[in-house]
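This report concerns only the one structure given below.
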Amino acid sequence: MSWSRSILCLLGAFANARSIPYYPPLSSDLVNHINKLNTTGRAGHNFHNTDMSYVKKLCGTFLGGPKAPERVDFAEDMDLPDTFDTRKQWPNCPTISEIRDQGSCGSCWAFGAVEAISDRICVHTNAKVSVEVSAEDLLSCCGFECGMGCNGGYPSGAWRYWTERGLVSGGLYDSHVGCRAYTIPPCEHHVNGSRPPCTGEGGETPRCSRHCEPGYSPSYKEDKHYGITSYGVPRSEKEIMAEIYKNGPVEGAFIVYEDFLMYKSGVYQHVSGEQVGGHAIRILGWGVENGTPYWLAANSWNTDWGITGFFKILRGEDHCGIESEIVAGVPRMEQYWTRV
């Protein structure tokens, strides 16, 4: 009898598996399926004529890796607003509103870090110091402490490197801003754009250079920015909110599924598709949309993606692990005393 039940269970599982519809990633069928579910988010096309190998390459964060020391709780007695947007709280800090482009490289772990570090330097100096911290410097020089460069890395290692070795300035690709601007070119997700197409895996990790680009002053060593401490934030909705409210944006990481690639608006919740990989982003606020609490975050897939590069994701339920991998830190303030 038990053998018969086992056969029936297997047949039932097989039938259920066959009944779950499969939609190719990046397809119109997947977009239509997500939108028909009428959830809190809306889907659309962010990647046109783009290889899935390129998209998988973008998700370059190793989840569950080395953890930064966790800071103590301090949110219990804080009165936090229902909505908070660091772009509005610190309007004189331009990096908070910036969307970067990691190009064909799994460097999201580095981008999430340098973006939040740039923001925090401005926040902690009361907007007296505004700098784009170099993703190139972190990506190319951190080495195995951070992971494998364009083949993936650890957010905790990125923040530790900032405190121990420091990071120079550096803007977007071909910007010639700062000591070491990003050297991996952006690519075009859309059909009719000015960038080259996004194809293949590509994305060789740039060579570490401890020299600024010609004509830039001060020197590489003199241009370094340091953190005094880096830490993990407890896996608590209120603790993460308090951290952002007090110190500015943080770096977070989560599991990307195929439906996230199609995000266009609303509050993202995973409803369809398989895992693509781990991805790091910058969380810069929170809010409530039509009764659904969300985190406000910045991606590094250029302004074509999502809401001009930004997105909202379900808050308070550790959705896709978004609240489990929060890392942050505080700048070493004495290096800025002459300017604040």
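Each residue, glycine too, has its Cβ placed from N, Cα and C.
The disulfide bond recorded by Swiss-Prot for CYS150 joins it to CYS105 [selected from CYS105, CYS108, CYS187]. Of the listed residues CYS93, CYS142, CYS146, CYS179, CYS93 is the one Swiss-Prot pairs with CYS122, by disulfide bond.
In Swiss-Prot, the annotation N-linked glycosylation site falls on ASN192, out of ASN192, ASN290. Among CYS108, CYS146, the one Swiss-Prot lists as the disulfide partner of CYS142 is CYS146. Here Swiss-Prot annotates a disulfide bond for CYS179; of CYS141, CYS208, CYS212, the partner residue is CYS212. As annotated in Swiss-Prot, CYS141 shares a disulfide bond with CYS208, one of the listed residues CYS9, CYS59, CYS208. The shortest Cα-Cα distance between CYS146 (disulfide bond) and any of the recorded positions ASN38, CYS93, CYS179, CYS208, ASN299 is the one to CYS208. Comparing CA positions across the recorded positions CYS122, CYS150, CYS187, CYS212, ASN299, the one lying closest to CYS142 (disulfide bond) turns out to be CYS150. Long-range Cβ proximity for CYS122 (disulfide bond), meaning a same-chain Cβ under 8 A and a gap of 6 or more residues, is found for TRP90, ASN92, CYS93, PRO94, THR95, ILE96, VAL129, SER130, VAL131, GLY248. Taking the Cα atom of each, CYS108 (active site) and HIS279 (active site) are about 6 angstrom apart. Note on ASN299 (active site): other Cβ atoms within 10 Å of its Cβ, all shown chains, come to 27.
Of all Cβ atoms in the shown protein chains, 24 besides its own fall within 10 Å of the Cβ of CYS150 (disulfide bond).
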